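One structure below.
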Amino acid sequence: MSGIGPDQALSIAAIATAVAPGQGGIAVIRLSGPSAVRAVAAITVIPGQQVWESHRVLYGHVVAAGGVERLDEVLVLVMLAPRSFTGEDVVEIHCHGGVIAVQQVLARVLEQPGVRRALPGEFSQRAVLNGRLDLTRAEAIGDLVGARSQRAAQLAMAGLDGGIQKKMVVLRERLLDQLSELEARVDFEEDLPPLNGEALLQELQAVRLELLTLVADGERGSVVRHGLRVALVGRPNVGKSSLLNLLSRRERAIVTDLPGTTRDLLESEIVLDGVPITLLDTAGIRATSNAVEKLGIARSRDALASADLVLLLFDLAQGWSDDDQALFALIPEGVPCLRVGNKADLPLKAEPVAETVAASVADVRLSAVTGDGEQALVQAVLERCGALGEQPLLLALNQRQSDLAVTAAEALARSEQVAADGLPWDFWTIDLRQAIRSLGEITGEQLTESVLDRIFSRFCIGK
């Protein structure tokens, strides 16, 4: 896909680095478009005989209107079309970090004719429109920026390196080969040897199965990319806060022997085997007249409803109680739950019957104090949430890509049914064309600008 949209006659500008008040040694202001070089040249004083050539770094100052007052000392990096990220003239102004100087420089840039503030993701969108990136690579940039774990970053890099695009091109070409065979038979059947319908059908089935495998991997990748919300639930003083501290490796919760110490919803961000996890340590749910504790319990119920997984802790030493069963009944239908028997290091105090019930109920046994059973819990969490698989996860489609892959697979299934029904060749081609179109949409070969606008609106400004 390439071409210039009506708004690409204007240059765009934005701060391309995250700037926090008083922080950051260097900030980068990026411009792209036909006016980029002229706009920066108009607001800078570049001493000596420095030449505005592509892929050169110039030293100078950004000056206020009037050309006298210096606003900042800067480096200017020039990248002329087509050898730039967007395929247009790109200029970066590297100025001092912070807030005031950066905003002053950006304001001067935006004062120049033909320059406007960039929309979220617009630099990447122009790269796609100008044929510098396919859509899967552009989306991978957003995934890399937002990666919350090393594993998520690795999956993003696989997409940025073209893994998804190359896979889709190969699958699409295989379908195009079959379509050309079918269409040739429709138009020139009497001049060609008989078509091997069985071989063609096997090829369609093979592509469909590959697409479904990619969709399944995409579901695993979604867990890695977006993470999980895991709620820790249990009676007061069963060890929820101790487990939170064990998994997060720091004292996030107040741990005492006083039941009901946690009265608020505590959150801890951790990474388990490459999967970002938000642990929600809830207040113990019980009947109470304390107004503060009631608020914490209400938040606990909300956490149950929003969680991807619930860890229901109970005291192995005390056994599975009626209160534990009542808590189990509060977990919303459809929310996965692991019943975790804690305090496995303590001597049993329960009656033999309660002890037997506890042993049979527990999905995982551990001691949050000693750490015994921690790895078994981690594996159980990842398995229950679909983050584990038989094969290593090398590529992961995002939701948009997965939806289109499903559409393509469904179209191929219909094509296979048409073949099974013995209908003529031209009926085979209808759904086959739909599958080919869907794969083209994944890489951006067949997309409207309105769809691109929606995709890139999720990006941060400056990317």
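The chain as shown is numbered from 1 upward.
Using N, Cα and C of the backbone, Cβ positions are placed for all residues, glycine too.
If you take the C-beta of Arg132 ((6S)-5-formyl-5,6,7,8-tetrahydrofolate binding site) and look for same-chain residues 6 or more apart in sequence within under 8 angstroms, you find Pro82, Ser84, Phe85, Thr86, Gly87. As annotated by Swiss-Prot, (6S)-5-formyl-5,6,7,8-tetrahydrofolate binding site applies to Arg30, Glu92, Arg132, Lys463, with the evidence given as sequence analysis.
Positions annotated as K(+) binding site by Swiss-Prot: Asn237, Thr256, Leu258, Thr261.
Annotation comment: Swiss-Prot describes 237-242, 256-262, 281-284, 342-345 as GTP binding site, evidence class sequence analysis.
Taken from Swiss-Prot, the feature Mg(2+) binding site covers Ser241, Thr262.
The domain 'TrmE-type G' feature in Swiss-Prot is assigned to 227-386.
Sequence-distant neighbours of Lys343 (GTP binding site) (same chain, six or more apart, CB under 8 Å from its CB) are Val238, Gly239, Asp315, Leu316, Ala317, Ser367, Ala368, Val369, listed in sequence order. Residues Arg30, Glu92, Arg132, Lys463 are recorded as binding (6S)-5-formyl-5,6,7,8-tetrahydrofolate; their most distant pair of Cα atoms lies 18 Å apart. Taking only the Cα positions, the spacing between Asn237 (K(+) binding site) and Arg30 ((6S)-5-formyl-5,6,7,8-tetrahydrofolate binding site) is 54 angstrom. Shown are the binding-site residues Asn237, Ser241; of these, the residue with the fewest other Cβ atoms within 10 Å is Asn237. When the alpha carbons of Lys240 (GTP binding site) and Arg30 ((6S)-5-formyl-5,6,7,8-tetrahydrofolate binding site) are compared, the span between them is 48 angstrom. Packing around Lys463 ((6S)-5-formyl-5,6,7,8-tetrahydrofolate binding site) is summarised by its Cβ count: 22 other Cβ atoms lie within 10 angstroms of its Cβ, all protein chains included. With respect to their backbone Cα atoms, Ser241 (Mg(2+) binding site) and Glu92 ((6S)-5-formyl-5,6,7,8-tetrahydrofolate binding site) stand 48 Å from each other.
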